[in-house]
Amino acid sequence: MADAIAAAAAKHPPAEKVKYQYGTAGFRMKADILDSVMTRCGLIAALRSRSLKGRWIGVMITASHNPPEDNGVKLVEPMGNMLAEDWEKLSTQMANLQTPEEVSKFYHETATRLKIDRTAPARVVIARDTRASGARLLACTLEGLKGAGAEYKDFGFLTTPQLHYLVRCFNTEGTHQEYGKPTEVGYYEKMGNAFQRALKGKEAAGSLTVDCANGVGGPKLTQLIKYIPKEALEIIVVNDNVIKPESLNVDCGADYVKTNQRAPPSSKAGPNDRCCSLDGDADRVMYYFKDANNVFHLLDGDRIATLAASFLGDLVRQCGLADSFKIGVVQTAYANGASTQYVERDLGLQVVCTNTGVKYLHHAAEKMDIGVYFEANGHGTIIFSEATLDKIAEYEPRNPGQAQALEVLRACVELINQAVGDALSDMLLVEVILAHKQWSCNEWLATYTDLPNRLLKVKVTDRGLFQATDAERKLVKPEGVQARIDDVVKKVRQGRSFARASGTEDAVRVYAEAATRAEADDLANKVAKIVETAGTLP
Ligand SMILES: CC(=O)N[C@H]1[C@@H](OP(=O)(O)O)O[C@H](CO)[C@@H](O)[C@@H]1O
Ligand SMILES: [Mg+2]
């Protein structure tokens, strides 16, 4: 075994002078320096599975919304969650070892230290997005899996959330928590059925145009549509060209729409046409439309969270279960202040703010009966605690009104991907809610008015100097910087601003919002200046 591991690692030596890091979203960088990382992730995935006595672990090869020449890999825990933090560290250590012998030694020493039975079965589910480098990187990963003697199932092309779904299905098969059929078709059937049940005869008003970022979401949505009757919802698929992987995320997709605050230039949507954009691996979704005056409006993750929280709140009340569960909303500091206020004051629900990165939001949501969590950029989902799920399953309605609401609630539980944020599932949920409320995007937009805001990136000598606290809303280091930021913020009406080091890019991000566009821009620029001065070493 030791030799097989070293032999696998020997096939792909690491790139010289590169420091690899399992970051917020796994390893993500230029695809041409990832070969060694993939083989070693294969080894780590096998070891992780052995540490859990052969439960299935997922490996997803993707770089999400990054440019086409990038790629990456993330590992998935048995219930479809993100990799445990101590295993992120082990992955980083493994990726940075130089020789095959060191890799083999590290594998065995880790197994001994963590008391992992090296003869236990190792089982891994693997899939990839549509990037050109994916086939090569898959082969590198398989070498690691074979080197470690793992059993694996290669599902070819999948969206990231589909892979998470499969992992959870395999690990819950035959238990009372059975999540679904562990096949790609099983995913479509589950979504399609739940969508129709949740609609309960309601119809979406007008069609929905979906920009698939020229990524894996395109062909997968085309499959999913076969399970959705056209009378219930007409979906128009655009930017689904996966034959040209160099067009992935280029001038389209959720990140383009969010960053540029505009529709993809290729969009042919007319006034009031409901549109949304997925990202490259279909775990983020952004809604938007142009109003009658051709003004563009974005309905981002905050909007999806508020829409879902208000709908679920209504359903729970209609079921007669209002006193049984507390619904909470989890946001990051990037959530628009108007959305936070809307949830707390208008919906009367609790809001928790966490660090940036979905794993933090997910963990906070796990502590709630029903936890709605979304990043402003459109990544999120809703999770129900086990006690909540049991109660919903066992509850006996007392009248026809309650029975109706309960059916919709149960269908929504099925429709929502409990494992991870899923653009296709989130999108269908939004469609269900709009159909029930008989709302167009205009009514959705009218629930509250976003505060004008600005997000800037500041280059500094060492972003490690910037240390934040209080869900990253305050800087503790460099000393004195927060006081200077507070000083400029307090002069601005409805002003709020913070700076934090990015976890994925070499920069410090500055966010500001205020009563008017001019004030928000001015505040962002002032805070950026403070950061730049503090972060530039003489
Ligand atoms: C402001 C912002 O959008 N930050 C993004 C970005 O993190 P940073 O740590 O800000 O670079 O990438 C993360 C991973 O995709 C995503 O979870 C997060 O929301
Ligand atoms: Mg993504």
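Cβ atoms are placed via backbone N, Cα and C, with glycine included.
Counting every protein chain shown, 27 other Cβ atoms lie within 10 Å of the Cβ of Ser64 (active site, phosphoserine intermediate). Ser64 (active site, phosphoserine intermediate) carries neither a helix nor a strand DSSP state and counts as coil. What TrEMBL records for Ser64 is active site, phosphoserine intermediate.
Here TrEMBL flags Ser64, Asp279, Asp281, Asp283 as Mg(2+) binding site. Secondary structure from DSSP puts Asp281 (Mg(2+) binding site) in coil. Cβ environment of Asp281 (Mg(2+) binding site): Met60, Thr62, Ser64, Asp129, Thr159, Thr160, Gly215, Val216, Gly217 lie under 8 Å away, each six or more residues apart in the same chain.
Note on Gly503 (substrate binding site): other Cβ atoms within 10 Å of its Cβ, all shown chains, come to 15. For the recorded site, Gly503 (substrate binding site), the DSSP three-state label reads coil. If you look up TrEMBL, you'll see Glu375, Ala376, Asn377, Arg500, Ala501, Ser502, Gly503, Thr504, Arg509 marked as substrate binding site.
Annotation source TrEMBL lists domain 'Alpha-D-phosphohexomutase alpha/beta/alpha' at 58-89 (among others). Outside the domain 'Alpha-D-phosphohexomutase alpha/beta/alpha' (58-89) by six or more residues, the chain places 22, 25-32, 34, 37-38, 41-42, 44-45, 48, 52, 124-129, 131-134, 137-138, 141, 158, 160, 163-168, 171-172, 179, 213, 216, 245-250, 253-255, 279-281, 283-284, 358-359, 362, 418-420 with a CB less than 8 A from a CB of the stretch.
TrEMBL lists 99-174 (among others) with the feature domain 'Alpha-D-phosphohexomutase alpha/beta/alpha'.
Look at TrEMBL and you will find 199-285 (among others) tagged as domain 'Phosphoacetylglucosamine mutase AMG1'.
The annotation domain 'Phosphoacetylglucosamine mutase AMG1' is assigned in TrEMBL to 300-439 (among others).
Summarising the annotation, TrEMBL assigns domain 'Alpha-D-phosphohexomutase C-terminal' to 455-529.
For ligand 1, the binding-site residues lying close by, meaning a CB under 6 A from one of its atoms, are Asn377; the full candidate list was Asp279, Asp283, Asn377. Across the domain 'Alpha-D-phosphohexomutase C-terminal' (455-529), DSSP helix (H, G, I), strand (E, B) and coil residues number 25 helix, 23 strand, 27 coil. Residues distinguished by a CB atom under 6 angstroms from ligand 2 are absent from the binding-site residues Glu375, Asn377, Ala501, Gly503, Arg509.
Apart from Ser64, Asp279, Asp281, Asp283, the Mg(2+) site neighbourhood in this chain, defined by C-beta within 8 angstroms of the site C-beta centre, holds Thr62, His65, Asp129, Thr159, Thr160, Gly215, Ala254, Leu278, Gly280, Ala282, Arg284, His379, Ala423. Same-chain residues at least 6 positions away in sequence with a Cβ under 8 Å from that of Asp279 (Mg(2+) binding site) are, in sequence order, Ser64, His65, Ala213, Gly215, Gly217, Asn249, Gly253, Ala254, Asp255, Val285, Gly378, Ala423. Here Asp283 (Mg(2+) binding site) is positioned 23 angstrom away from Arg509 (substrate binding site), judged by their C-alpha atoms. Distance from the CA of Asp283 (Mg(2+) binding site) to the CA of Glu375 (substrate binding site) is 12 Å.
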